[in-house]
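A.B. asks: Reproduced below are the annotations present in TrEMBL:
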ACT_SITE  ASP9  active site, nucleophile
BINDING   ASP9, ASP11, ASP126, LYS127  Mg(2+) binding site
BINDING   9-11, 17-21, 52-55, 100-101, LYS127  substrate binding site
ACT_SITE  ASP11  active site, nucleophile
SITE      THR52  site 'Stabilizes the phosphoryl group'
SITE      ARG100  site 'Contributes to substrate recognition'
SITE      LYS101  site 'Stabilizes the phosphoryl group'
Amino acid sequence: MKTKCVFLDRDGVLNKDYVDYAYTLDKFEILPGVPEALQKLKDAGFKLVILTNQSGIVKGVYEKKDVMICHNALQEACDNAIDYMYYAPLHEKWSNSLSRKPGTLMFERALYKFDADLENTWMIGDKERDLVPALEVGIPHRIQVDNEPVEGSCSTHYAKDLLDAVDNIILASEK
């Protein structure tokens, strides 16, 4: 049986985004409504997968263990709602990679791992580069949160925050 999935960018969707990275617990600030939003999705039967670029690793700003410390804090705050996390530790200045968004490899891996039902799969991101690979792999529902979408954006929906996005997903899935 195919699986309903919601793919989520991390920084700017689940936690506050910083120009100089959110890689320590004192800077890893989970956004309001995130635990409630993720629980609503779990209750509605969705698998939840984080797909995040973490270029600070290749830049030497932080290490993989720092990403996992923050992920574990998110899991603890959200009652272990996240089913899996993919992260791309590379940056285009240092290496070409299909893993790093807007590359599609993280998406392809997640779709395969969870045997995702494309018609019932959603991507939530705060930047266009989060949504472009979702479009390229055939995910029909792409929600941009926080930032107003620009003309020509590949987003199919806009939401003010994650909780608003989740309410739209649940409403659409009940039809």
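Using the three backbone atoms N, Cα and C, a Cβ is placed for every residue, glycine included.
Predicted, not measured: the structure shown is a model, and the values here were computed from it.
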A.B. asks: Whole-number Å distance between the CA of ASP9 (active site, nucleophile) and the CA of ASP20 (substrate binding site)?
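C.D. replies: Here the two Cα atoms are 17 Å apart.
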A.B. asks: Report, in whole Å, the straight Cα-to-Cα distance of LYS101 (site 'Stabilizes the phosphoryl group') from THR52 (substrate binding site).
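C.D. replies: Their Cα atoms are separated by 8 Å.
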A.B. asks: Around GLN54 (substrate binding site), how many other C-beta atoms are within 10 angstroms of its C-beta?
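C.D. replies: Looking across every protein chain shown, the total is 23.
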A.B. asks: Work through the recorded positions one by one (ASP11, LYS101, ASP126) and name whichever has its CA nearest to the CA of TYR18 (substrate binding site).
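C.D. replies: Nearest candidate: ASP11.
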A.B. asks: So if I measure Cβ to Cβ from ASP11 (Mg(2+) binding site) and keep only same-chain residues at least 6 apart in sequence, which ones fall under 8 Å?
C.D. replies: ASP17, TYR18, ALA22, THR52, ASP126
A.B. asks: Where does THR52 (substrate binding site) sit in DSSP terms: helix, strand, or coil?
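C.D. replies: It is in a strand.
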A.B. asks: With every protein chain in view, what's the tally of Cβ atoms within 10 Å of the Cβ of ASP9 (active site, nucleophile), excluding that atom itself?
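C.D. replies: Taking all protein chains shown, ASP9 (active site, nucleophile) has 23 Cβ neighbours within 10 Å.
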A.B. asks: Just how many other Cβ atoms lie inside 10 Å of the Cβ on THR52 (substrate binding site)?
C.D. replies: 22
A.B. asks: Among the recorded positions ARG100, LYS101, LYS127, whose Cβ has the fewest other Cβ atoms within 10 Å?
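C.D. replies: Output over recorded positions ARG100, LYS101, LYS127: least Cβ neighbours within 10 Å is LYS127.
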A.B. asks: Hey, how far is GLN54 (substrate binding site) from LYS101 (site 'Stabilizes the phosphoryl group'), Cα to Cα, in Å?
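C.D. replies: Cα-Cα distance, GLN54 (substrate binding site) to LYS101 (site 'Stabilizes the phosphoryl group'): 10 Å.
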A.B. asks: Tell me the Cβ neighbour count for ASP20 (substrate binding site), meaning other Cβ atoms within 10 Å of its Cβ, over all protein chains shown.
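C.D. replies: Cβ-Cβ neighbours of ASP20 (substrate binding site) within 10 Å number 8.
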A.B. asks: Helix, strand or coil by DSSP: which one applies to ASP11 (Mg(2+) binding site)?
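C.D. replies: In the DSSP reduction, ASP11 (Mg(2+) binding site) maps to strand.
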A.B. asks: Please work out the number of neighbouring Cβ atoms within 10 Å of the Cβ of TYR18 (substrate binding site), leaving out its own Cβ.
C.D. replies: 13
